[in-house]
């Protein structure tokens, strides 16, 4: 499977373990920064700018999915059963649940096919996240950010496009 290959690469390569653990702990750091960013946005009432707020909320949901997909990838007992439980919840959706389950899992149950699909989704979702970050910054540039001290600077806005 993929996890023994990763362990083999980490053991045989020079400093690849640093890259792996930076990737693992980087997720925790990103979520810490995300919570601080959301707290600041709530404190300064940034939710009044709906475009920026809605795209930011979609970014948050996509990051949660990305983190869960990354959690499944080591394919140990905890991640296997997390994938099994979450995909089984899909079966409870009326009408389309069974078909959605089969499409995501790639068969009748969680298997190696599921792992390949999770890895593909994990990689593709990273590019989608970059696109949403660009859209988020575009909306932020359009509406302007909130002034933390609520004082007008007296400068007029400069339009770049």
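Every residue, even glycine, has its Cβ placed from backbone N, Cα and C.
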From 118-139, 140-161, the residue range that TrEMBL assigns the feature transmembrane segment: 118-139
Outside the transmembrane segment (50-73), six or more residues from its ends: residues with CB under 8 Å to it: 2-3, 27, 30-31, 34, 38, 41, 79-80, 82-83, 86, 115, 118-119, 121-122, 125-126, 128-129, 132-133, 135-136, 139-140, 142-143
Model confidence over the domain 'Cytochrome b/b6 N-terminal region profile' (1-149) (mean pLDDT, whole number): 88
